[in-house]
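Below are the features listed in Swiss-Prot for this protein:
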REGION    1-55  region 'Disordered'
MOD_RES   ALA2  N-acetylalanine
COMPBIAS  11-23  compositional bias 'Low complexity'
COMPBIAS  40-55  compositional bias 'Basic and acidic residues'
REGION    53-63  region 'Atypical RING finger domain 1'
REGION    70-127  region 'Disordered'
MOD_RES   SER74  phosphoserine
MOD_RES   SER75  phosphoserine
MOD_RES   THR76  phosphothreonine
MOD_RES   SER78  phosphoserine
REGION    86-95  region 'Atypical RING finger domain 2'
COMPBIAS  90-100  compositional bias 'Basic residues'
COMPBIAS  103-127  compositional bias 'Pro residues'
MOD_RES   THR110  phosphothreonine
Amino acid sequence: MAEAGAGGLSETVTETTVTVTTEPENRSLTIKLRKRKPEKKVEWSSDTVDNEHMGRRSSKCCCIYEKPRAFGESSTESDEDEEEGCGHTHCVRGHRKGRRPTTPGPTPTTPPQPPDPSQPPPGPMQH
């Protein structure tokens, strides 16, 4: 406290210190580590068959065909004349060597049907 003598003015200074103590909170943080997902990629094994005979192991076809062999038959014997494809009905490209895919149309087992004379010919409709 400070006082001034002659003029009768006095000044009072009060300092207040507030100490707040808080109890530590019981917070916890849990971090879970997860493995990275492996990248999806094709890995060819050393015994993968190159069914397109192009010297590489990639294929635009739907599958890699391994021809079934009889018990005891050597895997090194190959008969190119008996190549028949993968047998999957969903494979529209085929797996036959030297053949290109054809445009969609009637299947070779069904002959094309002649047009029905009772039906109007296909073309633009006229009203």
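Every residue, even glycine, has its Cβ placed from backbone N, Cα and C.
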On the DSSP side of things, how many residues of the compositional bias 'Low complexity' (11-23) fall into helix, strand and coil, could you say?
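Result for the compositional bias 'Low complexity' (11-23), in helix, strand, coil order: 0 helix, 1 strand, 12 coil.
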Around the C-beta of SER74 (phosphoserine), how many further C-beta atoms are within 10 angstroms, looking at every protein chain?
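Result for SER74 (phosphoserine): 7 neighbouring Cβ atoms inside 10 Å.
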